[in-house]
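Asks: Starting off with a structure, shown below.
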Amino acid sequence: MAATRNRTPPDAVVEEAVAGVLAAAGVAPGETVCVALSGGVDSTVLLHSLARLRGRGGFTLAAAHVHHGLSLHADAWLEACRTLCDALGVVFHPFHVQVRRDDPAGLEAAARAARHAALARVPCDWLAFGHHQDDQAETLLFRLLRGAGVRGAAGMREIEAGTPGRLRPLLGLRRAQVLAYARAQGLAWIEDESNADQRFARNLLRHRVMPVLEGAFPAAVPVLARASAQFREADELLGELAQLDETACGGATLERQKLLRLSDERVRNLLRWRIRAMGLEAPARARLVEAVRQLRVASGEPLRLSLGGVVCCAYRDRLWLEAGDEIPVRQATVWQGEMELSWGTGKVVLVEAVGEGLSRAALERAQEVMLGSRWAGLALREGTGRPRRSFKNLCQEAGIPAWLRDTLPVLRVDGVAAWVGEIGIAAEFRCAPGEPGVVPEWLR
Ligand SMILES: Nc1ncnc2c1ncn2[C@@H]1O[C@H](COP(=O)(O)OP(=O)(O)OP(=O)(O)O)[C@@H](O)[C@H]1O
């Protein structure tokens, strides 16, 4: 007699997966889980399964819907979400957002940004999204085809810590499993007409390319989803490598020679990582390849390389990045005895010394000590008996390129230059042997 195989019913499969993610995330009794509810089948199934689990889990369930105002049906979708929440006894948070149809980022991206900004305002401990494994696979393929690197190919996570944390409890499930749950439970959901619109490249991939791929490679979806998890790991490792390389190269302002001893790949990785840490988009690979080439050619020469939105500056043995193509304006500050004053993206530190640096007494005697930029007519005598030299002459002699000159910090004591970063201390402010002094250091 043939054995009858017991198949787990679709609702149990989904519930088990969702409960597993909640447990792994450590969702605690009394915490609020808010479902980002589009009203489509995925987030409807997610909300429904969470509603069934909430007695067991002791968490409070809510849902938030974002009305983008883009579809003629948007009002109806919002009402359908409200009705579903009422039926399930779930608190409902509706949001209306404005999306510019001519947004340079594209309509989909603009809607997405507005949606995420609205969802970030929901008062909850966890925001839950309805992405499943097919979404993960399609996203990977889509991004690779649009030129993504390791970062862009890194997949979504099931659990992301944060305030609120983010959950994707359906990420391990196939679209078909989610649909089976919806049918088994007799759920109604919204079909967004734009999903069927194959003008959107993403939908073309879903409806035309994926079926062909799966025909030829039946495991295409789980395999691609696994690859995106590997890209994520690789991306995290690249971040760790960048951090190690940064520390080994001296921290925020990098030691140029140490940096150049790294392989081209590691220099590019470090620059890319630092640019992202500034909240900017990493430049295209070709641009970074060229930047590293120029850095190697320039060796110790001053260099100012625009990387689009960020400038890579190198001077003497130091290398640093500045946001924006313009040289940032430095804010002048009055010194009130602090041992540290901020200067641009860096700072000026006054290190206590004896018989060295600026005379502390001279600073304390002064009416006004300011840290600011150069001014017209600035001149400085580096040593007693030596002539006073103009700022321009001093810079030329020190080989300081024109672009760096406006960024040099100047300590101005009662209207007179006492110290200029990269140049030095004026003879009349130098402290005598045995006298308490401070040595200014500019840390970029
Ligand atoms: N209008 C909406 N209001 C609330 N949540 C939404 C809305 N649209 C989408 N979501 C949430 O985002 C999930 C993914 O939706 P969808 O696949 O349409 O967007 P995506 O752009 O691919 O994803 P993401 O926004 O994360 O990049 C949905 O399952 C749902 O949880």
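Every residue gets a Cβ built from N, Cα and C, even glycine.
These figures come from a predicted structure and were not determined experimentally.
Pasting the feature list from TrEMBL:
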type    : residues                     : note
BINDING : S38, G39, G40, V41, D42, S43 : ATP binding site
DOMAIN  : 369-442                      : domain 'Lysidine-tRNA(Ile) synthetase C-terminal'
Asks: Compute the centroid of the Cβ atoms of S38, G39, G40, V41, D42, S43, then list the same-chain residues not in that set whose Cβ lies within 8 Å of it, in sequence order, for the ATP site.
Replies: L37, T44, V45, G130, W189, I190
Asks: Give the sequence-ordered list of residues that share a chain with G39 (ATP binding site), lie 6 or more positions from it, and have CB atoms under 8 Å from its CB.
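Replies: Counting only residues 6 or more apart in sequence, the Cβ neighbours of G39 (ATP binding site) under 8 Å are H65, W77, A80, C81, L84, W189, I190.
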Asks: Need the DSSP three-state call for G39 (ATP binding site) to compare against my parser.
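Replies: In three-state terms, G39 (ATP binding site) counts as coil.
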Asks: To which of the binding-site residues S38, S43 does the lowest count of other Cβ atoms within 10 Å belong?
Replies: S38
Asks: If I restrict to non-local contacts, at least six residues apart, and a C-beta distance under 8 angstroms, what lies near D42 (ATP binding site) in its own chain?
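Replies: In sequence order, the residues whose Cβ lies under 8 Å from that of D42 (ATP binding site) (at least 6 apart) are G130, H131, H132, D135, L170, R175, V178.
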Asks: Could you say which of the binding-site residues G40, V41 has its Cβ with the most other Cβ atoms inside 10 Å?
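Replies: Of the binding-site residues G40, V41, the highest Cβ count within 10 Å belongs to V41.
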Asks: Taking DSSP states H, G and I as helix and E and B as strand, how many residues of the domain 'Lysidine-tRNA(Ile) synthetase C-terminal' (369-442) are helix, strand and coil?
Replies: 15 helix, 27 strand, 32 coil
